[in-house]
Amino acid sequence: MLSNENLNSEEIIRELCACNGLSFEKIRQDGPATTTLEMFFSGYPKMAGLSYFPNLTQLILVGQNIHCIAGLESCHFLKELWITECHLSKIQGLHHCADLQKLYLYHNEISVIEGLENLLKLEVLWLNNNQINVIEGLDMMQNLKELNLANNLIHSIGESLDPNVQLERLNLSGNKISSFKELTNLARLPSLMDLGLKDPQYSPNPVCLLCNYAIHVLYHIPQLQRLDTYDVSEKQIKNLAESTVVKKIMYYNMRMKNNQRQQREELEKVRERTSKAKQVPENRIRALSFLVKNLEHELTDMKSSGNMQANIPISNKFHENNCDTEESNSQQSSERRKNNSDRLEQIHKKICALKERMIFWTRKLSEVEKHHEEKCRRMKDSFHLLDQFLQTELETVGNVRFEEGTAADSWFKSCYDLIVSRFCAMNFRAYGISGIKIHRIVRVHNRILRLKFEDKVQYWMDNEDLYTTESYKKKLEYLFYIFDPKLPIDKKELLHVLENGCNITRSSQLPEQEQVEAVLLTNSMSLCEGPRLEFLQKQAMNKSCDPEAFKDGIIVIAKVFLGRSVKARDDLPIKPNNYAKVNSVYRLQKFANSTFNSLNDEICSSKEHGNCDCSLRQCEWLVFDHEFILPEYVVEFEYISMEKSSGFVTPSNENAEDVSHDLKLDEDAIALEPFLKPKPKIISLDEKTVLSVARANIYSQITVLNLHGNSLSKLKDISRLNGLRKLIISFNEFSSLEDVSYLTNLEYLDASHNQVITLEGFKGLGKLKYLDLSWNKLTNSREDLHILRKHAIQLSSLDIRYNFWQKPASVLKDTIAILPSLTHLNGVTITEDEISEALQISSGSRITQASLLINARTDTVKPRCLNLLPSAQILAQFSKNCLDPNAELSNSWYTKITSLTLDSQNLVRITNLEKLVNLRWASFSSNHLTKIEGLEHCVNLEELNLDDNSISKLEGLSKLTKLRRLSINNNLLAGFDRHVIESLSHLHFLSAENNNISSLAGLQRGYKLIELYLSNNCISSNQEIYSLKGLNNLVILDMWGNPILLKHENYRLFVIFHLSAIKALDGVAVEPSECENAKDMFGGRLTSDMIAERIGHQRFTELQDLNWRTSSIRSIDLVPADHFRNVQTVNLENNNLTSFSGLIFLPNIKNLYLNHNRIESILPQQKSQSHLTNRQILHQKVSSSGYGQQGTSKGSRDTVYGEALSPVMQSLEVLHLGYNGINSLPMLQLGRLRNLKSLYLQGNEISHVEGLENLQFLRELVLDHNRIKAIAETSFAKLNSLVSLNLEENRLRDLNNLPPLLKLRKLLIGSNKIQEISEIEKLEVIPALVELSISGNPISRKPFLRNLLVVRLQNLQILDGILITAEDRARAEMYFMEQQSLTVPNAVMDLGNPVSTMIVSKPLPLRVTNFPLAGGAHHSLGADLHFNNGHEDIFQNEANKYKKLKNYTVGVGHNPQNTQDIALRQLRGGTHFPASYLTQQSGQARSQQKHPFNQENEGRCV
């Protein structure tokens, strides 16, 4: 046999030599010189003959049938080894190859990585295409640079690669990695540059099929250059991954804040219920305590009056129950002694009875508080679970998502009905449970498990040809997952189940027949919860379990594919090997180990089932493959207990009968004799009153003073009682104890049941030994305790119960630590253990070198992990870069510290950090800090957490210019220091929730802020939002729980409008529709807040002018209007107003400028058109339709715009409404402005002048640049005060209906369409006219017009902007005299009636010709002016018309007025002017009336 093996080895070696070009015969000579051997595809079944090649450096064996590695003992210089596709099953025999650098073992059957411990120089290792399940055995390979483990069976990475810090290339494609958490382990490989998880040559890992896979990898491994063979070295790609993750962290942080807010709201509800439950005990304690102190006061009076012996023991506290009496004064008579003794005994007996009742109610109160604390604890645990859900969502980048259901969700109702149907009250009767109340249902969306579930089911169905879709559905079931009943449901276990799937129960410690290797589920609530309740009930009997633990529970509902299922056999353990080709087994309820199985028959026949499905089979299911189970719902519930059921009665469940019985016992105790008469209350103290109460003659005699039960709030001159040793001031109204200061002999002070809020001013009580401060309103425990430590150094007994402490949990320990002289606290003796514990806590209240070594970390890079905790806390939990407390430390060890976490260390001050110059992340939450100090040298600090302290100011942060994140929740901040925020130029995250902040003024320069959390503060004014308008980077704002939300109805839209960059407000994303609604509501809205923002204060009464030109204002809301009572001028030109809006409420406004707006009316008009005629509607649609408002019926106008409308803005005198597009004056309702004096309406589209009848005081009216065609009868009829009227640039053809405006002095009608000279006559009805403009009309082309008007209108002083001088007037009169001499000789008429020849009915045309006129009599008319011959027959038809004119004389032609008439009639015929004359006239400048905004014209009346 041995010879055969040698023969085979020889043949193998010969084949080896042949394949490598070597001679077998010369192998001994040539072998040492050979460095490389190669064997491909058979011919080398085992590793033989390698000893002939001691200097071999490369060995390549491919496609052989080698099962083990051997024969390398002499290959000490081997550097590269290939054994691939060789059926190799184990790694061995490499320990002699210490110089090996490259090892290729791919395509084999290796299942374990082993035998590589000595390969310290190995740089390349390929183990792909094997059967490896676990990454292991690589710890010693610190030089490894390339590792290929593709196409194996690896499920997890863990910490197995942490030692391989030089690893640059890693290929894990084709494995079973399904969790993002596993990939985060690769972030600890600092040199990793090339990673493969779904290499195209292999199938992808399940994790690669999840959303955001690449984003997750690139964020955690930023140095990566290639991912899955793709180049990812571009900075843009890394930035995209970074920004995506940052946004997700912001999003989940916001949701975490939402959870915390909901938690606070729920806790507040619990506190309200607790407060209600405490009312009865507290009221009873107060009433009973008041009576006890009255009786004790009576005892003191009896003693002081000499009616009883001295040294009678008086009990002053609840725990003192000494009811013995002493004998009466021997000096009194026996009868007197007996009466006094009886009364004394009655008083003591009643005091004892009342104190017993006080003890009872105190115990009740403690039970309520204990129940409250337990309820709060369980509620916090519930919300903490939601926080963990969010953390899981973030870590899985949304591939595991939790959706909290509401009644509106269809799945919520289905799940709810399922739970109710699977709950049978009969099954829970033994535990005192009558029902179930569901608090929360959370739906689990696990994309990872769902993919596994679907793949597994699909694979099963592919191998089961007989199964159809319908049969598949029948195999699906929703079942309850059963946790270990002996352990409470741990959050980690619950999260593990929801994220990674259900665990297979392995009960190997049980007897063989009871062993289970499967996932345990059930379709019954009783089978799911029964074992847990039984276990808790047993513990409750032993008093080792809180009865409240019964009430709350959590269940997981999973979708289960049962596959092939059979009934469990009694004789076989439930293991996969015992049930071949079976996916699940079930066992009916009778097999379950439950104490209530005997009730089964009763259950099935009971009528108390309600809607439960207990008639169905209740059984347990055991599923062998956990991938057939998909957790879908998490349900939090509470059991409803039966009345008076043991283990479930809580203080809040007590019925009215019990309370009535307890109250009756109180009344019985109160009814005991003696009955004390009520004493008159003392409201203020004076010397007489003090002496009377103390029953003394002088102050020096007073040692005891009892002022119990009065209405005192001050103790005037109490310091004069130098001998006072005991003072009782309970049941008064003191808010401070400053008045009792410097009572140097005072030993006993009872100030219970008052309103004391602080001990500030409490001084000079060096002998005080007893102090009762219970039932007050103290809040700051440490501050008040330090006052007592300083000013009451001998204090031995202190009662501080029932105050409003900010941190009640630490009050007792702080009190014992701060006041070392105390022996009794809250009526209980302080034990040595309590003193020791308090001193231990106190000793740790300073930052020492030891605490720094324990809590510091030295990481140089911020942790790249998806976690919502502060960076310092993340490093404290996960980082291993700690300082060694046992090592010898040099002076430079301080500079290595980059992270420090000192949470819950009872710190009072931040000290000893001067040397931490490289500190970047720090957390000091849950301490007793009152100010920020000691951080001045930590200039590199980037994150700072100061939550849960007592800090009131941000002082001490100014030098932290690199600070990026600041959290200061649950403190006492009242605002922000502008200089501090300005110095924090890189701050982008600020959380200051649960403080006392009322102003945001200091945040105006926090330009880099992205996230701002300010919930539960005291912000109440909208104006505070303006302080944030400059924060253009602000994306998330949370102000929930501030008064501003309740005070302002449209708060949300208001904030969205003013902070345009915001994406989420109060935990809710801002929708595009909300942005539109905000613009509609607040766009262009002038409010008090806007004005305050501009002027910098809210002293609106100082304002006289408001100038908001060109501000895009659409509405005005200045409330309260009385604050603007001194405003007289408002300029809102160039805005978007459609009405006067809120301006009508300004009481004293005089000048209003609204040019260039869109004013439609004084008040907003209704949109309805029901009152309009068809013509009016058509005109509104098409302004050129020509119908205008002429179709408006008189009745309709009177109804809508008539005089019945009440006056508004009665102080307004000047109104500018130019260029508003106004087409209807009645719609403006200007008649309501009764005291208006100047009205400017230029540049509109007005075609009819109406609706001004009520403006009786109007003096100036401007209507130029409109579309007025005619003057109606009523246009100016009642404007009797009108002084100036401007109608220029309109379409007037005549001046009909122009009323006799007696006061009108200025009329501008230029640039209209007036053609007829006859229209000039109509101006004569205006007697006071001083200024007239008529240029730009067709009539103005007539050359005689100016002379005519000058002569005709004798009072006229300015015409077309040119002053009329005396010379002008004389020239005009001369002209008409000459005109008369010209026209009279040419007239064909009778001398007896000369005037008739000058009266014509037809126009006498004048024409310009080139024919010169002989003579010079008419030089003033121009050399080229001639009359047409057409005048010869102008009198033929007029003779009869004027026959009645008989009384004229021959000299009538010399009358100036008649001369003007003659000239006027001649001008009616028309005149043609020569070009030279027109040129001359056009050269004359005519001033045009303009109407710009001018403060000088505000109250002008011409």
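Cβ atoms here come from the backbone N, Cα and C positions, even for glycine.
Residues in the repeat 'LRR 2' (97-119) partition by DSSP class (helix H, G, I; strand E, B; coil) as 0 helix, 3 strand, 20 coil. Swiss-Prot lists 97-119 with the feature repeat 'LRR 2'.
Counting residues of the repeat 'LRR 3' (120-141) by DSSP class, helix then strand then coil, yields 0 helix, 3 strand, 19 coil. The repeat 'LRR 3' feature in Swiss-Prot is assigned to 120-141.
Below 8 angstroms of C-beta separation, residues 106, 120-136, 170-179, 182-183, 185-186, 188-189, 191, 196, 199, 201-203 of the same chain, each at least six residues beyond the ends of the repeat 'LRR 4' (142-164), sit close to that stretch. Here Swiss-Prot flags 142-164 as repeat 'LRR 4'.
If you look up Swiss-Prot, you'll see 224-247 marked as repeat 'LRR 6'. Long-range contacts of the repeat 'LRR 6' (224-247) within the same chain, counting only residues at least 6 positions beyond its ends with a Cβ under 8 Å from a Cβ of the stretch, are 173, 192-200, 208, 212, 214-218, 866.
Marked as region 'Disordered' by Swiss-Prot: 317-342 (among others).
Within the model, the repeat 'LRR 10' (746-764) carries an average pLDDT of 92. Among the features that Swiss-Prot reports, repeat 'LRR 10' is placed at 746-764.
Positions annotated as repeat 'LRR 11' by Swiss-Prot: 765-790.
Below 8 angstroms of C-beta separation, residues 317-319, 774, 795-801, 812-816, 902, 905-913, 928 of the same chain, each at least six residues beyond the ends of the repeat 'LRR 13' (822-849), sit close to that stretch. Annotated repeat 'LRR 13' per Swiss-Prot: 822-849, in sequence order.
Annotation comment: Swiss-Prot describes 894-916 as repeat 'LRR 14'.
Summarising the annotation, Swiss-Prot assigns repeat 'LRR 15' to 917-938. Counting same-chain residues at least six beyond the ends of the repeat 'LRR 15' (917-938), those with a Cβ under 8 angstroms from any Cβ of the stretch are 782-783, 814, 845, 862, 870-873, 875-876, 894-911, 944-957, 959-960, 967.
If you look up Swiss-Prot, you'll see 1011-1030 marked as repeat 'LRR 19'.
Long-range neighbours of the repeat 'LRR 20' (1031-1053) within the same chain, counting only residues 6 or more positions beyond its ends whose Cβ lies under 8 Å from a Cβ of the stretch, are 250, 254, 257, 261, 264, 988, 993, 1003, 1006-1022, 1024, 1059, 1061-1067, 1074, 1077-1078, 1081-1082. Summarising the annotation, Swiss-Prot assigns repeat 'LRR 20' to 1031-1053.
According to Swiss-Prot, the feature repeat 'LRR 24' maps to 1209-1232.
Sequence annotations record features per position, and here Swiss-Prot assigns compositional bias 'Polar residues' to 1479-1496.
Annotation source Swiss-Prot lists region 'Disordered' at 1479-1502 (among others).
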- May I ask for the residues of the chain that lie six or more residues beyond the repeat 'LRR 2' (97-119) and have a Cβ under 8 Å from a Cβ within it? 72, 75-91, 125-138, 140-141, 148
- Task: Take the repeat 'LRR 4' (142-164) and count its residues per DSSP category (helix H/G/I, strand E/B, coil), listing them in that order.
- Result: 0 helix, 3 strand, 20 coil
